[in-house]
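As written in TrEMBL, here are the features:
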ACT_SITE  Ser218  active site, charge relay system
ACT_SITE  Asp344  active site, charge relay system
ACT_SITE  His373  active site, charge relay system
DOMAIN    138-379  domain 'AB hydrolase-1'
TRANSMEM  23-47  transmembrane segment
Amino acid sequence: ACAMDWQVLTRELSLYLESQVRVGLFGSGVGLSLVLGFGVAYACYYLSSIAKKPQLVASNDRFCRFLEEYCPVVTETYYPTIWCWEGRVQTLLRPFITSRPQVQYRNELIKTADGGQISLDWFDNSDSLYYPDASTRPTVLLLPGLTGTSKESYILHMIHQSETLGYRCVVFNNRGIAGEDLLTPRTYCAANTEDLEAVIHHVHSLHPAAPFMAAGVSMGGMLLLNYLGKTGRDTPLMAAAIFSAGWNVFESVESLEKPLNWLLFNYYLTTCLQSSISRHRQMLEKLFDMDLVMKARTVREFDKQFTSVMFGYRTIDDYYEDASPCRKLKSVGIPVLCLNSVDDVFSPGHAIPVETAKQNANVALVLTSCGGHIGFLEGIWPRKCTYMDRVFKQFVQAMFEHGNKIFSM
């Protein structure tokens, strides 16, 4: 198959170049030969070293067979966008390249036990042809990343995929980040699952007869994994999908503090965190030295001065240990599919808990060689659909429509 791909690609490249490139470098055909040679060499390198099948890690043969039959995308070769396959480039370009499907939300504010409030954005899909009965319409709970909301392009794409399948979606916006006021001096973190537990209980109580899944991206995936590790099988969720989670926070922050990664990602992410709390400064100043918090120049410094203090951790290391999902993976009690790229600087490949995943029959890891952090761009102009979108769509459909077969194959 690879040889056939190479032949097709090189033939098309040759025809294109012959029609577009003028023959002659200093009046000869050397220029065309050089371009053709470079093109063929790059195509050969791309097909041999870049385009690869993902590594599927699962200890349960039945889970593997289920995925191969109903979620075949996880066993097919992933062809990253040929002109931007490197992890950092994919991470940086995805928000600008991918489209933003139009989604009409219905907002709901729910109260929490400590007097706070959480903003939920519902996509009811009331026109669903496949599931016209709202009481039994499958529901997907979506958890965005660290400073993300329901407006993120990757969330909008997940909702678009769910809409075509007839499903309902609800986006869990972390406290104080989606425009609502903070009623108490508390925001959120990757380790504390109380707000997520409240949201899951609320959504399930509204539609108790509806099949219920969740999908988390980046920190949203970490939070979801920590919840699943805590609850085991005692959850109304039937399955979960995790994308670009940071498995070991110590390794993640160390990677992000390398000079180039700090310049490209860490400083910007820190300023986003500071911006997300600055509008709540009057409320938060009751407990924090906000001037000190706003001086942070790395995520680690922000967490040391703000996040770990807010949630009562003695040290930042205590917080990072509790926030790392790799420590709770053994306790996950429902089927979970986790997609990571090994070139993700937010979640280094060496920190992905492959051996731990092999010890839990409910867990499957899908590891691509390229894709970056929430990137997974594919196609010449990757605007409409990413590899991550296809994994999401096939897995939620597989679970909602064939999930009863997962452990009987």
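Heads up, the Cβ atoms here are built off N, Cα and C, so glycines get one too.
TrEMBL entries are annotated by machine, without manual review.
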So how many other Cβ atoms are close to Asp344 (active site, charge relay system), meaning within 10 Å of its Cβ?
29
Please average pLDDT over the domain 'AB hydrolase-1' (138-379) for the predicted structure.
97
Would you mind checking how many other C-beta atoms are within 10 angstroms of the C-beta on His373 (active site, charge relay system)?
25
Measuring Cα to Cα, tell me the gap between Ser218 (active site, charge relay system) and His373 (active site, charge relay system) in whole angstrom.
8
Inter-residue Cα distance where the pair is His373 (active site, charge relay system) and Asp344 (active site, charge relay system), in Å:
5
Protein Cβ atoms within 10 Å of Ser218 (active site, charge relay system), excluding its own:
26
